[in-house]
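Asker: I have a structure I would like to understand better, so I am pasting it below and will then ask my questions one at a time.
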Amino acid sequence: MNTRSVVDLTPGESGIINGFMDDTLSLKLLEMGCLPGQPIKYNFAAPLGDPICVSVSGYNLSLRLDEAITISIQ
Amino acid sequence: MSNRTIPKIALVGNPNSGKSSLFNHLTGLNQKIGNFPGVTVDKKTGICHLDATHKAEIIDLPGTYSIYPNSTDEKIVFDILGNKNNPLHPDIVVVIVDASNFKRNLLLFTQLYDLHIPTVLVLNMMDIVEKTGLSIDEKKLSQELGVPVIPMKARRGKGVDVLKKTLLNDMDYHFSPIFEARSHAPEAIDAVKEMFSINEDYVAYQMLQQHRINQSLTKNEKNLLTDLVEKHNFSRDDLRRKETLDRYAAINDFIDGSVKENFTTLPKHWTQRLDRIFTHKIFGYVIFFLILFLIFQSIFAWAEVPMDLIDLTFSELATWLSETLPPGVLTRLLTEGIVPGIGGIVIFIPQIAILFAFIAILEETGYMSRVVFLMDKIMRKFGLNGKSVVPLISGVACAIPAIMATRTIENWKERLITIFVTPLMSCSARLPIYTILIALIVPDRSLFWFINLQGVALMGLYLLGFLAAIISAWFMKLILKSKERSFLVMELPTYKMPRWKNVGITMFEKSKTFVFEAGKIIFAISIVLWVFASYGPGDRMDKAEEVILAETQNQQLTEQELHNKIESYKLENSYAGIFGKTIEPAIKPLGYDWKIGIALITSFAAREVFVGTMATIYSIGETDDEMTIKSRMRREINPDTGGPRYTLATGSSLLIFYAFAMQCMSTLAIVYRETKGWKWPVLQLLYMSGLAYLCAFITYNIFS
C-alpha cells in the first residue's frame, strides 16, 4: 500500500485528487475547492519548507505540510 | 420596491472578492462602524441612494468562504441570514463573487440562495476575466440560476449603477433549491420546520447542522435540536460532505453553457513572478523587514510636521483665549483643561492616518497573506499561528481591532496566546508618548544621510514590544495545554494594485472612530484632572500665597520667581498633587517624581492621556502660555539634582514602562468579551504591569 499525497509532488508537478485521509479536515478542504477528480498543482514551499502553496480550482491555496499530507493523489 | 421603510440589503462574499470596494462605492463616506448586537464583530452599515428618491441600508457582512463558519466572525452570516426575526435580516442579499475564480466563489452563493432570500449575483473582477480569455455569458447564467446577474469592475466602479437599478426593480424570483436538503433527512427537517415554524428546508437543515454555535437559539432550543439530531440519525459531517460535492456538481452544470473556462492555464504571471520574490528564502524576509522599517520611518518623518503644527496651533489658541476672555474659573478651565485636552486628541490624527494607510495597503495588495505564509513556521515555534502576524501588526495601530482580528485563528490556544500578547505590541496611543520622550532624550541627528536617530530609537521600541510579545507567547505555549488541532488552510490571493479610494476611506474611518472613541476618554480625563489639579483639600490652596511669602521673606525674588513658587506650591497641595505624592515612594526607584505619578495614575484608564496630562500639569499656573508641551517638559527641573527632570535615565525608564504596561481599559474590556471571563484580562493586567515595573526599574538603574 503506498498512497501518494500532495507532499510527494515536486514543485511544478500536478496530480489528481483521489480522496482525503482526515475526516474533519476534508470538510474544509472540500469547501475550499479541493475536489476529488480535480487537478492539484504543487507550486512552491515557504522559505522554511512549511507551509506550501498549491493551485486548485483556479486559485492559490496555502497548506501546512501536515494538512497537505492528508490529500491523497493518483 | 415599497417606500414604507428603507429596505435592508446585505453584502456577502468570499474574502478578497472586492466586497469592501463595492461597499465603498455604494455608500461612500456614509458609513457607520458598530458592533453586531451581542457580539463584538465589526458591523459596517451605510446608506445608499439607489436613485433620487430611494434609499437602502447596506449591511456589510464578514467575508466568508462558506455558510459553515470556521471562525467567530463568520458565524454572524448565518445568524443574520438564517433568522427571519433578526433585526438585521435583509430584504435582499447581494452576493459578490470573484469571477476570475468562479467555481469556489459560487459555493457560497449556492448556500445563500437556498436560504430563500431574494438574491442578486455580482460578478466582480470582470476586467481580469476579460484579460485571461475567460468568457462569461451573464444572461445565460442568469437564466440558469434564476437570479439577476450583474457583471462588475468594482475597482473602477463599473456596474454599480446597473446594480442600483436592479435593486430598485421588483425581482421576479423563481425559487427551486440547488441542494435538496429534505431528500437527505426528511423526518428531521420536517420536525425542525414544525417546531420552529420555518418554511425553508435549507434553513431547517442548517439549524440541525449548526445549532450548537447559533447565537439566537436558547439553551432549551439547542437541546431540542440535539435530541432531533440523535433521534433521526442526522449525521452532520457526512451530509455536509455530500452537500459540498452536490453543490460543486450543480455549479459545474450551471456554468457548463455560460462560462468558457480553462482554469489550469490561467495566466497569472504577475502573481507568480512576485511570489518568487516575496516568498524568496532571503529576499522574502528582507523585503518584509524593509516594509516594516519604511512604515516606522514614515510615521516619524511624515507625521512630525503636521503634529508640530497642531501642537503649536492649540497652544496659540490657549494663549489667545486667555488674553481675550475675561479672567475667571471658566477661562482657566478652557485654556488649561479643555483646549490642551482637545489638542492632545487631535495630535494623534496624522500618525494614525499614516499607520492605517499602510495596513490598508498591505491588506489590499494581497501582501498580508504572504506575510502569514512566510511567518507561519516561525510563529508556530512560539505557540502562535501564521495568522497571528496580522493581529500583531494591527496591534501596532490599536490593540482593540487587533484582538478582534484574532477571530480568524481557528485554534483556541493559539488565539488565546495571540490575544494575551498583542497588547505588548506598541499601539498608536503609545506613539505620542514615544515621540515626545524620544525628542527629549535622543538627539535629532542623522546617522547616515537618510536614517534619523530618533526614527531608529522609535523602531527599537516597536521591536522591543514585539520581542516581549513573542517571548511571552513562548512561555504561554509551555504552560497552556491543548489537544485541539491547528489549521492553516488559507487562500493566497493574486496581487493587486491597492485601490486608493479604499485606502483613503479606511484612513478616514479608522482615524475618525479612534479619535472619537479615545477622544471621549481623553477629554473627560483632561477636565477631571484640571479640577483635581486646581483644587485641594481644606484651605491650603487659598493660603498658598501667605505660606510662600512667609517662607521667602528673606530671599530676594523677582515677581516671576515668586509667582512660580506659589503655583508649584498650589499644584503640590492640590488633590492631584496629593495622589501623586502618595504613590511617589513606589515610583521613585523608577526615577519618577509625583508629577509623573499623576500621569501614571491617569494613564491607567487609557495611556494616551499621558501627553494631555503633561500638558495640563505643566500649564497650570504658567504665565507664558505660548510654550509647547515639549519645551515645557524640557524646561522641567529635578529639584534633587538641579538638572533637567527628563534625563536619559528617567526618560528611558518611562519609555520602557509605557511600552510594557497594560494601560487601556478598552483593551481589557475587549479581552473580557473575547475570552468570556475575567481570568485572562486580570492575568494580563498583572503580568504586563509587573513586567513594566521590573523592566523600567532595571533600565533606570542601568542609565543612571
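Glycine residues also receive a Cβ, built from the backbone N, Cα and C atoms like all the rest.
Curation does not apply to TrEMBL; its annotations are automatic.
For reference, TrEMBL lists these features for the protein:
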BINDING   B:13-20, B:38-42, B:60-63, B:124-127  GTP binding site
BINDING   B:Asn24, B:Thr27, B:Gly28  Mg(2+) binding site
DOMAIN    B:6-173  domain 'FeoB-type G'
TRANSMEM  B:282-303  transmembrane segment
TRANSMEM  B:338-362  transmembrane segment
TRANSMEM  B:382-404  transmembrane segment
TRANSMEM  B:416-442  transmembrane segment
TRANSMEM  B:449-476  transmembrane segment
TRANSMEM  B:514-533  transmembrane segment
TRANSMEM  B:654-672  transmembrane segment
TRANSMEM  B:684-703  transmembrane segment
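Neighbours and distances for these, please.
Answerer: B:Met125 (GTP binding site) counts 27 other C-beta atoms within 10 Å of its own C-beta, drawing on all protein chains shown.
Contacts of B:Gly28 (Mg(2+) binding site) defined by a Cβ separation under 8 A and a same-chain sequence distance of 6+ are given as B:Gly46, in order along the sequence.
Same-chain residues lying 6 or more positions outside the transmembrane segment (B:282-303) and placing a CB less than 8 Å from one of its CB atoms are 350-351, 354-355, 358, 362, 367, 370-371, 374, 431, 435, 451-452, 454-455, 458-459, 462.
Within its own chain, the transmembrane segment (B:449-476) has Cβ neighbours under 8 Å at 293, 296-297, 299-301, 381-384, 392, 395-396, 416-418, 420-422, 424-426, 430, 434-435, 438-439, 442-443, 655-656, 659-660, 687, 691, counting only residues six or more beyond its boundaries.
Listed as Cβ neighbours of the transmembrane segment (B:654-672) (distance under 8 Å, sequence separation of 6 or more from its ends, same chain) are residues 40, 399-400, 403-404, 419-420, 423-424, 426-427, 429-430, 433-434, 437-438, 461, 464-465, 468, 517, 521, 590-592, 596, 600, 603-607, 610, 678, 680-681, 684-685, 687-689, 691-693, 695-696, 699.
Sequence-distant neighbours of the transmembrane segment (B:684-703) (same chain, 6+ residues past either end, Cβ-Cβ under 8 Å): 420, 423-424, 468, 472, 589-591, 647-650, 652-654, 656-662, 668, 671.
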Asker: Taking DSSP three-state, what's B:Gly13 (GTP binding site) in: helix, strand or coil?
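Answerer: Once the DSSP labels are grouped into three classes, B:Gly13 (GTP binding site) ends up as strand.
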Asker: Take the Cβ of B:Thr27 (Mg(2+) binding site) and count every other Cβ within 10 Å, whichever protein chain it belongs to.
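Answerer: Cβ-Cβ neighbours of B:Thr27 (Mg(2+) binding site) within 10 Å number 22.
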Asker: Averaged over the domain 'FeoB-type G' (B:6-173), what pLDDT does the predicted model reach?
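Answerer: Averaged over the domain 'FeoB-type G' (B:6-173), per-residue pLDDT gives 84.
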Asker: Sorry to bug you, but what's the C-alpha spacing from B:Lys19 (GTP binding site) to B:Thr27 (Mg(2+) binding site), rounded to the closest Å?
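Answerer: Rounded to the nearest whole number, the Cα-Cα distance is 12 Å.
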Asker: Of all the binding-site residues given, B:Gly13, B:Pro62, which has the fewest Cβ neighbours within 10 Å once its own Cβ is left out?
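Answerer: Taking B:Gly13, B:Pro62 as the binding-site residues, the minimal 10 Å Cβ count falls on B:Pro62.
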Asker: Starting from the Cβ of B:Asn16 (GTP binding site), draw a 10 Å sphere and report how many other Cβ atoms land inside it.
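Answerer: That number is 22.
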Asker: If one looks at the chain holding B:Lys19 (GTP binding site), which residues at least 6 apart in sequence have a CB under 8 angstroms from its CB?
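Answerer: The answer is B:Leu11, B:Val12, B:Gly13, B:Asp60, B:Gly63, B:Ile96.
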